[in-house]
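Below is one structure, written out as structure tokens, with a few remarks after it.
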Amino acid sequence: MTNIRKSHPLIKIINQSFIDLPAPSNISSWWNFGSLLGICLALQIVTGLFLAMHYTSDTDTAFNSVSHMCRDVNYGWVLRYLHANGASMFFICLYLHVGRGIYYGSYMFKETWNMGVILLFAVMATAFLGYVLPWGQMSFWGATVITNLLSAIPYVGTDLVTWIWGGFAVDKATLTRFFAFHFLFPFIIAALVMVHLLFLHETGSNNPTGIPSNMDMIPFHPYYTIKDILGLFMMILVLLCLVMFSPDLLGDPDNYTPANPLSTPPHIKPEWYFLFAYAILRSIPNKLGGVLALVFSILILFIFPLLHTSKQRSMTFRPFSQCLFWLLVADLLTLTWIGGQPVEQPYIIIGQLASILYFLIIIVMMPLTSLMENHLMKW
């Protein structure tokens, strides 16, 4: 009799994806973040569902409904802070996952990579919508400033902003539709994740050497299930430390003040995970130029396969490319710091230099360095 795991039409799909899946024997802990992202998504959907049961998407009651959750609902504060800090963990895992892909040349799986970049855009959009919902000062002004960027689009910009707002300012209609879309998007993301995995399982995983590993595969279960569970425990430990000891560490104190259209906060800034893009936006004095730089700072990920000039796939054996990669990481950390600072010198010039360096490293320096390494290897 055939094992039901291998014969049942539905269980067979799960078996081929998570149990009997052939995986390279040498993939490191950097390959753990895919499973952690799946768990983050599940956590966000579950906590978000319970939060939605108590939330009201009306400008008069939204702030108070969030306050009521934290004060009067059994363990409501745990749900709220798991959801807020879960988003931070989501982005930490996302950025590490993308960084791993760049370092080890995983972007050469073009379909998987492109799907991943689309997923990154979807998660960023969802996080932005979610940040508006508590209807604090930073929620309101963040929504106003970021949606207003669309007015930089020629001809249709102003009409587009009015259409998104549902009026002539961020108000009840805006909050209601943002809540509707924030609820809907995670399920779309879950569907996109399925497509991402479908493309990945067509080619199999990459590995740290960048060399095809078809000759040396091991089953995903139990080897990598155990490894993923270890990563899961470590992530949960960090998340619970955040939630239990300093739940507001990554948030903004201004969001504990109810939204007031008549009073602008001294420094409008998004959540920490958008600060690098916000710094690039602010570093260009022209509005349309800033918006284009903001969009291209993420869109640039799509052209990584086109910019790959090395004869080797991975950076494991390419020390010069490694130096550039870590320079890029340092540059992104600098941009994140600048995004949280006021618009004054010396922060303005540092932000402008870091923004130029970001695009320069990716578009010019990395491809040229790869060509130089090819020459040094006499390839």
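Each Cβ is built from the backbone N, Cα and C atoms, and glycine gets one as well.
Here Swiss-Prot flags 33-53 (among others) as transmembrane segment, drawing on similarity to another entry. Away from its own ends, the transmembrane segment (33-53) comes close to residues 69, 79-80, 82-83, 86-87, 89-90, 93-94, 96-97, 100, 182-183, 186-187, 189-190, 193, 228, 231-232, 235 of its chain (Cβ-Cβ under 8 Å, at least six residues beyond either end).
Swiss-Prot lists 77-98 (among others) with the feature transmembrane segment, giving similarity to another entry as the kind of evidence. Under 8 Å from some Cβ of the transmembrane segment (77-98) lie the Cβ atoms of residues 30, 33-34, 36-37, 40-41, 43-44, 47-48, 50-51, 66, 69-71, 116, 120, 123, 127, 130, 235, 238-239, 242-243, 247, 250-251, 271-273, 301, all in the same chain and six or more residues away from its ends.
Secondary structure at His182 (heme b b562 binding site), taken from DSSP and collapsed to helix, strand or coil, is helix. Shown in sequence order, Gly48, Thr126, Leu129, Gly130, Leu133 are the residues of the chain, 6+ apart in sequence, with a C-beta less than 8 angstroms from the C-beta of His182 (heme b b562 binding site). Residues annotated as heme b b562 binding site in Swiss-Prot, with similarity to another entry given as evidence: His83, His182.
The number of other Cβ atoms within 10 Å of the Cβ belonging to His196 (heme b b566 binding site), over all protein chains shown, comes to 21. Sequence annotations record features per position, and here Swiss-Prot assigns heme b b566 binding site to His97, His196 based on similarity to another entry.
Marked as transmembrane segment by Swiss-Prot on the basis of similarity to another entry: 113-133 (among others).
Look at Swiss-Prot and you will find 178-198 (among others) tagged as transmembrane segment.
Long-range C-beta contacts of His201 (ubiquinone binding site), restricted to its own chain and to partners at least six residues apart, with a cutoff below 8 Å, comprise Gln16, Ser17, Leu21. What Swiss-Prot lists as ubiquinone binding site is His201, and the listing cites similarity to another entry.
Residues annotated as transmembrane segment in Swiss-Prot, with similarity to another entry given as evidence: 226-246 (among others).
Per Swiss-Prot, transmembrane segment is recorded for 288-308 (among others), and the stated evidence type is similarity to another entry.
The transmembrane segment annotation in Swiss-Prot covers 320-340 (among others), and the record cites similarity to another entry as its basis.
The transmembrane segment feature in Swiss-Prot is assigned to 347-367 (among others).
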Rounded to an integer, what is the Cα-Cα distance in Å between His83 (heme b b562 binding site) and His97 (heme b b566 binding site)? 20
If I restrict to non-local contacts, at least six residues apart, and a C-beta distance under 8 angstroms, what lies near His97 (heme b b566 binding site) in its own chain? Phe33, Gly34, Leu37, Gly116
How about the transmembrane segment (347-367) with the transmembrane segment (113-133) - do they touch, taking at least 3 C-beta pairs under 8 Å (6 or more apart in sequence) as contact? no
Long-range environment of the transmembrane segment (288-308) - Cβ separation under 8 angstroms, sequence gap at least 6: 98, 102, 105, 107-108, 110, 113-114, 117, 120-121, 124, 149-150, 152-154, 276-278, 280-282, 355, 358-359, 362-363, 366-367, 370
Intrachain residues whose Cβ lies under 8 Å of the transmembrane segment (320-340), provided they are six or more past its termini: 99, 102-103, 269-270, 272, 274-280, 282-283, 310, 347, 350-351, 354-355, 357-358, 361-362, 365-366, 369-370, 372-373
